[in-house]
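S.K.: Copied straight from TrEMBL:
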type	residues	note
COMPBIAS	265-275	compositional bias 'Basic and acidic residues'
DOMAIN	33-82	domain 'Myosin N-terminal SH3-like'
REGION	265-298	region 'Disordered'
């Protein structure tokens, strides 16, 4: 089993590939009856978890997790591993390394990767939406900045015109505190510039995060595809083994029929031999009686 440090290589996906410590402890303490916990073959799912009810005459009756009770050949049930081995990375450590146990383990880990991949895709979509909002905000702030710059320039221009006009008319009255108004406008422009810079930083941060999520999603897809290929290959092997088992069973039934036929013929031959031997013994007895009668007559 991989250590926590080794699992860190999987990044955020680690929690989906391996149970947290709390869940592992709970799994170890979960009641488990190795005498009744079995996988049973199923036409739709290939294998289902179930509870063995009884064995009788080469048959096994199992209650599946779906609540259905089935009776199959004993060869069609396989022992389950305790819950502590669920999603284990090193399957060689499992108590039972049979086909359904391996397939179940791979399906569990595959399902975990799928869950993580879906979560990563969802996160990426949310980040992309947030990025768009930040970009819109940044564009809005940039427009405001340009507008304020235009207002500032226009105000300065109007102040200059007013000063020139007053000078030309010999008027001593000057516009009231024009420098302070300019400073206010400059302060507003600087504040908008700072907000714009912060918005740009936020946009870049979201862009980096989206790139990271996109890369992680691609890696997850690759891992999912690898696991899917492994599951598909295992399913093909299971089907091949099942077909071979059916062919072997058919051959065994054929040989058994021949054996029964030969055994029946042997019994008939033995019966005929017994009858013939009985007749021979009778003839011998009669022959001896006839011989004794001839001796007496002489």
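Backbone N, Cα and C define each Cβ position, glycine as well.
Quick caveat, the model's predicted, so the values are computed rather than measured.
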S.K.: In the compositional bias 'Basic and acidic residues' (265-275), how many residues does DSSP put in helix, strand and coil?
M.R.: 11 helix, 0 strand, 0 coil
S.K.: Any idea what the model's mean pLDDT is for the domain 'Myosin N-terminal SH3-like' (33-82)?
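M.R.: 90, rounded to a whole number.
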S.K.: DSSP-wise, what's the residue breakdown of the domain 'Myosin N-terminal SH3-like' (33-82) into helix, strand and coil?
M.R.: 3 helix, 31 strand, 16 coil
